[in-house]
Amino acid sequence: MRIDIVTIFPTFFDALDLSLLGKAKQSGLIELDVHDLRDSTHDRHRTVDDTPYGGGAGMVMKPEPWGEALDGILGDDTEEEPLVIFPSPAGEVFTQAMARELAAEPHLVFGCGRYEGIDHRVFDHTASRARVRLVSLGDYVLNGGEVAVMAMIEAIGRLVPGVVGNPESLVEESHEDGLLEYPSYTKPAEWRGLPVPPVLLSGNHGAIATWRRQQQIERTREVRPDLLPADEPDA
Ligand code: 6GU
């Protein structure tokens with residue numbers, strides 16, 4: 001998978017060299033390029049923002065640097081049409097299902113906005129030559145798209161085949177089956193007076209599976225009842 005990121009804070013993404021994603025980059029499973037939006041400016045101050053037409057608080061990102069930066073990235077993609085994602089609190093909400101969908105794309109481009117957003121014509125023009133999606137992490141406001149894109153790339157990257165060594169560890173996770181994950185325990189069997197639930201030491205795999213399923217349903221009902229299907233028999 002190829003990933004391009006356009007941002008005014010390229011060093012933000014240095015953290016992607018760490019851990020699993022870093023290994024995926026080194027092995028070539030994920031090819032990541034971070035582009036400084038200011039490299040596509042031509043004035044002495046490398047200006048990327050200006051005051052909003054119609055008035056109002058804050059600044060808006062100018063269209064010209066975005067146009068030039070995206071020309072450079074989209075222009076040389078000859079094989080498959082890239083998908084351009086603009087992180088935005090006004091976008092559709094990012095989910096595990098969306099992460100799965102995006103993990104199957106050969107080329108993702110992330111455009112990180114700052115300030116009050118990007119001149120809207122950038123979205124319209126980009127949509128005339130590539131698929132475009134506005135994606136939000138959730139119902140709260142961040143100062144810019146960088147942290148959101150880091151989260152999305154981590155969620156997407158670990159689903160790219162080969163990035164996570166044991167693919168089975170991807171199956172039994174929160175949200176993969178629509179429920180929250182069951183609680184996990186390791187040795188010692190008793191710690192600070194707290195025992196591990198005895199069923200987990202029983203060796204009875206059927207009983208363990210039933211207990212874990214019950215825990216998933218109970219947890220989900222307590223903290224995320226919105227995730228429970230209406231017809232969940234044990235709910
Ligand atoms: Cl994707 N961007 C910003 N700026 N704020 C957000 C967000 C994205 N998702 C939630 N809040």
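One is the number of the first residue shown, and numbering goes on along the chain from there.
The backbone N, Cα and C atoms fix where each Cβ goes, glycine too.
Quick caveat, the model's predicted, so the values are computed rather than measured.
Pulled from TrEMBL, these are the features on record:
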DOMAIN    1-228  domain 'tRNA methyltransferase TRMD/TRM10-type'
BINDING   Gly113, Leu137, Gly138, Asp139, Tyr140, Val141, Leu142  S-adenosyl-L-methionine binding site
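Features per TrEMBL, on structure.
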residue: Gly113; record: S-adenosyl-L-methionine binding site; DSSP class: coil
residue: Leu137; record: S-adenosyl-L-methionine binding site; DSSP class: coil
residue: Leu142; record: S-adenosyl-L-methionine binding site; DSSP class: coil
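When the binding-site residues Gly113, Asp139, Tyr140 are checked against ligand 1, Tyr140 have a Cβ within less than 6 Å of one of its atoms.
Figure note: comparing Cβ neighbours within 10 Å for the binding-site residues Gly113, Gly138, the maximum is reached by Gly113. Between the binding-site residues Leu137, Val141, Leu142, the minimum number of other C-beta atoms within 10 Å of a residue's C-beta occurs at Val141. The Cβ of Tyr140 (S-adenosyl-L-methionine binding site) lies under 8 Å from the Cβ of Pro89, each of these being in the same chain and 6 or more residues away along the sequence. The record assigns Gly113, Leu137, Gly138, Asp139, Tyr140, Val141, Leu142 to the S-adenosyl-L-methionine binding site, and the maximum Cα to Cα distance across that set is 17 Å.
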